[in-house]
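Copied over from Swiss-Prot:
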COMPBIAS  1-29  compositional bias 'Polar residues'
REGION    1-76  region 'Disordered'
MOTIF     95-123  motif 'Q motif'
DOMAIN    126-305  domain 'Helicase ATP-binding'
BINDING   Ser139, Arg140, Thr141, Gly142, Ser143, Gly144, Lys145, Thr146  ATP binding site
MOTIF     248-251  motif 'DEAD box'
DOMAIN    337-484  domain 'Helicase C-terminal'
Amino acid sequence: MAPLSTPESISREISVSSDASADESTSLDQMRAPKRRRLSESSTDSYTAAPAPLPSLSRIKKKSSSTNATSSRKDDENPVLIKDALEIGLNAEENSFKALNVAPWLVGSLTTMAVRKPTAIQRACIPEILKGRDCIGGSRTGSGKTIAFSVPILQKWAEDPFGIFAVILTPTRELALQIFEQIKAISAPQSMKPVLITGGTDMRSQAIELAGRPHVVVATPGRLADHINTSGTDTVAGLKRVRMVVLDEADRLLSPGPGSMLPDVETCLSFLPGPSQRQTLLFTATLTPEVRALKSMPQTPGKPPIFVTEISTEAKDTVPPTLRTTYVQVPLTHREAFLHVLLSTESNITKSAIVFTNTTKSADLLERLLRSLGHRVTSLHSLLPQSERNSNLARFRASAARVLVATDVASRGLDIPSVSLVVNFEVPRNPDDYVHRVGRTARAGRTGEAVTLVGQRDVQLVLAIEERIGRKMVEYEEEGVNLEARVAKGSLLKEVGAAKREAMVEIDEGRDVLGRKRNKLKKVR
């Protein structure tokens, strides 16, 4: 996105004529943003000023046709006021949200967020959802699935706002938080009241929010099922009137086996209105057999047929074309040393990176080890309290930490544009998990690299991954860098070994990553 024009640069473009009025010569710095007000849905005057109240470019005089074209192009790239953003969105070409019958206030809101053109999944799903059809949408990571279901929900809610209009279920707390924040941002021009219901926070405060009849509930299935079972009828009565239900990352929500969320999902869906009384939307990056089976379900009487679309879900399209997939062969005993060297090379030393492990134990140990070796690192895994998970993720988003060590709780849905490197410290057991992990980089057309540390026992796993993604991994190369030689050079192995032993001692002594003794609460008898 091009930088915003400054008031000084704008003033230089203004053509000064001898008969200019006093109003036209007024300093642009003295202009004030319009007051917030709410009018009809179709009126462009109902939009408030953006946080940086620079003047509208519409006051600039036309010098020539070429100058006007340049100014118009800059205006399209740099929306200043929400009213201007609305005009940009409505005057765009056919490949726009306007062409999808999206409400003007939503077009303006999306434009202020620099979302001007719909992606393939958005073009396919938004019109059909607005028609009232149930939907199954499959598209690779980073393709804009959240907006594909958020925009229709907000538009249909605005037509008849009442109680709890929609419930969005998602498998992880971090993804739920991200969806919650995105809905708040898109619905900023309206009086939308979303609520976040996830584990790790006080149930009593959540029960009060649920009883307050919010408009949209974003939840993890386990915590919402807890409220349905224990919080009382009055608290969850509003869920009985829900009109739209979304299962985001549906493949994970519906997968059977150990650790399955399916029982909690069934508890939630059985309490909500039946399929004939609600609109159900499923979105996923990997269409599993469980999700595909829903296509052949009998049509609900009185409802239009289910709309099913698969965009970029074939093997060759499961990872972005701008992603470079590489591997490094490592001995089992020196895996930590290779990771340390990889993160410290000339091309990677400044990159924002996510390092994935298979277990929380590995993530905890690796964070301590990398911190001891001088890396700015934080972690994200299920053993951490929710408040710490939120703060660690916020630190990583703000670049206060350069490296995030995480389990697969961070592999789904999280959109952190600054991430340009993903490292699989341990090869995932499921090829679909690899797809979700590497999808944290190279998002929305950006470039990125995924490096997998491969041991002698991981060959079959790598072959399965290559078959899943439809491409071969190439050996990691960096000009002037020999990872193996750097690992063997000097006392690096001793330093890494000492850091690992120190980290293991901290864990055994019950200390946190900063070396502080954890205070365990004693049970009251």
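The backbone N, Cα and C atoms fix where each Cβ goes, glycine too.
The number of other CB atoms found within 10 A of the CB of Ser139 (ATP binding site), across every protein chain shown, is 25. According to its DSSP assignment, Ser139 (ATP binding site) is in a strand. By neighbour count, meaning other C-beta atoms within 10 Å, the densest spot among the binding-site residues Gly142, Gly144 is Gly142.
For the recorded site, Thr146 (ATP binding site), the DSSP three-state label reads helix. This prediction places the mean pLDDT of the domain 'Helicase C-terminal' (337-484) at 94. The 10 Å shell around the Cβ of Ser143 (ATP binding site) contains 25 further Cβ atoms across the protein chains shown. Once Cβ contacts within 10 Å are tallied over all protein chains shown, the binding-site residues Thr141, Thr146 are led by Thr141. Summary for the binding-site residues Arg140, Lys145: the Cβ-based neighbour count within 10 Å is maximal at Lys145. Secondary structure of the domain 'Helicase C-terminal' (337-484) per DSSP (helix as H, G, I; strand as E, B; remaining residues coil): 56 helix, 30 strand, 62 coil.
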